[in-house]
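What follows is one structure encoded as structure tokens, with my remarks underneath.
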Amino acid sequence: MNIHEYQAKAVLQPFGVSLSKGVAILKATDAEAAAKQLGGPIWVVKSQIHAGGRGKGKFKEASAGDKGGVRLAKSIEEVKQYAAEMLGATLVTIQTGPAGKQVNRLYIEDGSDIEKEFYLSLLVDRVTSRISFVVSTEGGMNIEDVAHDTPEKIISFSVDPATGIMGHHGRTVAKALGLTGDLAKQAERLVAQLYAAFISKDMEMLEINPLVVTKQGELKCLDAKMSFDGNALYRHPDISALRDETEEDAKEIEASKYDLNYVTLDGTIGCMVNGAGLAMATMDIIKLYGMTPANFLDVGGGANKEKVTAAFKIITADPNVKGILINIFGGIMKCDIIAEGVVAAVKDVGLKVPLVVRLEGTNVEAGKKIIQESGLNVLSADDLDDAAQKIVKAVKEAA
């Protein structure tokens, strides 16, 4: 689960992390009061969306102006102007895709007198089963570009969970960033604070970009990006309460209600598969035959008729879907259950696009019989290769 920047900073505050003061607003009419509360004389008006690259992003609407999603204001009037322009407008960044995201919240923050910018993040390293720090002197930039162009400027290390964070970890960060004296001590404290927050809240990722040194000699987190382990949210009702469903895909939200693993993609062939590995293989073979998947959907091994019906409805709710491929290998999941769910869903919502079903495994003959006797216009496939070719051909012919 992701949260907004202003929420992430609120999570970090109790751990003693050095942050700028800020006020979140939902209405442009609240901008003046927020600016006066902070005092100025410089403010930063930040779009709050679940995507990076806000500063370099562009708004779709001409009324939002030609500046990005993070703007420096030198007067209260500018704060009011930017708030009016940005709220409700659609911001397109390198991470949102061409559709962009609507800005429904702003974070108005005290401006900082910046001397240097750095990058610092913590993430779960699944190879070592440890938390890793990633540090770079190239802050305020897209870290993927830095990793590609100048990998030598990125330093990373992991923390042994048996010992936890230790003094040498902070010194490693300070050395990597070229910090000495009091700034090095601040870096040591910050590393311990961020690690404590990461562990305490079951985070998957914590990114500070940029981490800055101000001209007053203070090490400060100017931005904060967080994601949390969804499997641990039951332990953190305070974090769960921060969820902003307007930032999430409506189909993914609906899928989560049925414990379906669903991810929206930008293709045209909807997929329903059991098992993540088989789902990825199905997506790959669709791509191999010249088309792209519209989603990743793993119904899991214990799906029932209602769950399958819900999955089918979610797929058909996507207007980009021009064909559907159902690929089931019945182990724990029984093919007749899948067939019953598909037939029920088709009769309920109708079938306006080609549908190919490949069933194999437990109760496969019963499953095929249910589909055959349903009278539905469904293409049957014997194996994955056959299924992929049939759905691609059917979609092209229907176009």
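Including glycine, each Cβ sits where the backbone N, Cα and C put it.
The candidate list Asn209, Asn231, Asn261, Asn274 contains one residue that Swiss-Prot assigns to the substrate site with Gly331, Ile332, Met333, namely Asn274. Per Swiss-Prot, ATP is bound by Gly53, Arg54, Gly55, Glu109, Ser112, Glu117; the candidate from Lys46, Lys101 named for the same site is Lys46.
The Cα atom of Ile332 (substrate binding site) lies nearest to that of Gly53, taking the binding-site residues Lys46, Gly53, Glu109, Asp223 as the candidates. Shown are the binding-site residues Ile332, Met333; of these, the residue with the fewest other Cβ atoms within 10 Å is Ile332. Listed in sequence order, the residues of the same chain lying 6 or more apart from Asp223 (Mg(2+) binding site) and placing their CB within less than 8 Å of its CB are Glu5, Glu207, Ile208, Asn209, Pro210. Note: the CA-CA distance between Gly55 (ATP binding site) and Asn274 (substrate binding site) rounds to 40 Å.
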